[in-house]
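Taken from Swiss-Prot as is:
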- 1-4: motif 'MREC motif' (MOTIF)
- 10-12, Gln15, Glu71, Ala99, Ser140, 143-146, Thr179, Glu183, Asn206, Tyr224, Asn228, Leu252: GTP binding site (BINDING)
- Ser48: phosphoserine (MOD_RES)
- Glu71: Mg(2+) binding site (BINDING)
- Ser232: phosphoserine (MOD_RES)
- Ser439: phosphoserine (MOD_RES)
- Glu443: 5-glutamyl polyglutamate (MOD_RES)
- Glu445: 5-glutamyl polyglutamate (MOD_RES)
- Tyr451: site 'Involved in polymerization' (SITE)
Amino acid sequence: MRECISIHVGQAGVQIGNACWELYCLEHGIQPDGQMPSDKTIGGGDDSFNTFFSETGAGKHVPRAVFVDLEPTVIDEVRTGTYRQLFHPEQLITGKEDAANNYARGHYTIGKEIIDLVLDRIRKLADQCTGLQGFLVFHSFGGGTGSGFTSLLMERLSVDYGKKSKLEFSIYPAPQVSTAVVEPYNSILTTHTTLEHSDCAFMVDNEAIYDICRRNLDIERPTYTNLNRLISQIVSSITASLRFDGALNVDLTEFQTNLVPYPRIHFPLATYAPVISAEKAYHEQLSVAEITNACFEPANQMVKCDPRHGKYMACCLLYRGDVVPKDVNAAIATIKTKRSIQFVDWCPTGFKVGINYQPPTVVPGGDLAKVQRAVCMLSNTTAIAEAWARLDHKFVLMYAKRAFVHWYVGEGMEEGEFSEAREDMAALEKDYEEVGVDSVEGEGEEEGEEY
């Protein structure tokens, strides 16, 4: 089997985890107590969903997941919630005091007290796997636990499981809406630390998702539940090919192979379509061509940036539901004729396509309409450098005055780490810039030194 272990870190990670596992259970027909009436092979078997769930002899399905937070309140909600019987109590790990939005606390002081326990639990999960494929790490950039503890964990996972792929789903600080003043510090420190340990990071920005909820679902005041349910649809689309049998399945390492042209340039944009409320869906026929087109609309992206200003390096379309390759090819042919979609000249306009026959499932009482087909597009585009540039700018403004730095230094960090992280991010921006430049003058020599 090709198992995946999900690791949910900090409040954002845990709450997205709740939404994802709720959706997985609905998709596979697993009840909140872990029983699965449709499963005939008790205690194992080679069903595709066993990549995400392990089975006990009694026929209970247990998620291959770990929830970690440095303070207990958020995970306590899981312990008392609807799905409390689904998780093994050892999978829900909490500390006593939180990281207080401070990367240094998550990474050094508080984080190191709990890291060995977490790795021990992950080791137990890994031992139950026959062919562990990799890890999915869910976290936010802005929080102390999400940034600090995740980067510590990624470093340790690289040591313990060197060859396994590690994919991140990161909540990127929204341009306008901020939940903490020190978000730019935490984000840049964590990106710098995890850059070499992460194979692929899908970024999601709350503001982009707020706008999608407002615009497409007519929710006036979206809550985190609305946001997380939308995020979970995307995560589900990305992982569907690991959990179901399909026509064109895509596996974890395949994403990396097709989306990451250079090791550092591993931040694909996710776009999902159709995001539509039940009232609207009733009057629209969402053909393959329509939903494919919708993916190239900046309005449907999960990060605020404009791909029309950047160039695409790679593109991966994951369809699910009633979709046949013929329709997909026609839709892609139409896309290629459009001038607004530019590829870098060193990359043939390749689209990787995955097709899965399992139609998208929706949470009952949720906001999304039940549709016959959906598509999730993962595209690696130079436009995402806009997002980094915005963040770097905020970082520089604060760091020029050394604002809030004493909180980090007081927890055992050195000031040099800030400038080091800043330089690394500047280099990342530069990398994106160079990748987008047309390779006319035979750029062989300068690429040699970077990679």
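Cβ coordinates come from backbone N, Cα and C, glycine included.
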Where does Glu71 (Mg(2+) binding site) sit in DSSP terms: helix, strand, or coil?
coil
Have a look around Asn228 (GTP binding site) and count the other CB atoms within 10 A of its CB, chains all included.
22
Among the binding-site residues Glu71, Glu183, point out the residue whose Cβ has the most other Cβ atoms within 10 Å, with all shown protein chains included in the count.
Glu183
Please give the average pLDDT for the motif 'MREC motif' (1-4) in this predicted model.
83
For Ser232 (phosphoserine), which of the binding-site residues Gly10, Glu71, Glu183 has the nearest Cα in space?
Gly10
Give me the count of other Cβ atoms within 10 A of the Cβ belonging to Thr145 (GTP binding site).
34
Cα distance (Å, whole number) from Ser48 (phosphoserine) to Ser140 (GTP binding site):
29
Given the recorded positions Gln15, Ser48, Ser140, Ser232, which one's Cβ is surrounded by the fewest other Cβ atoms within 10 Å?
Ser48
Give the helix, strand or coil assignment DSSP yields for Glu183 (GTP binding site).
helix
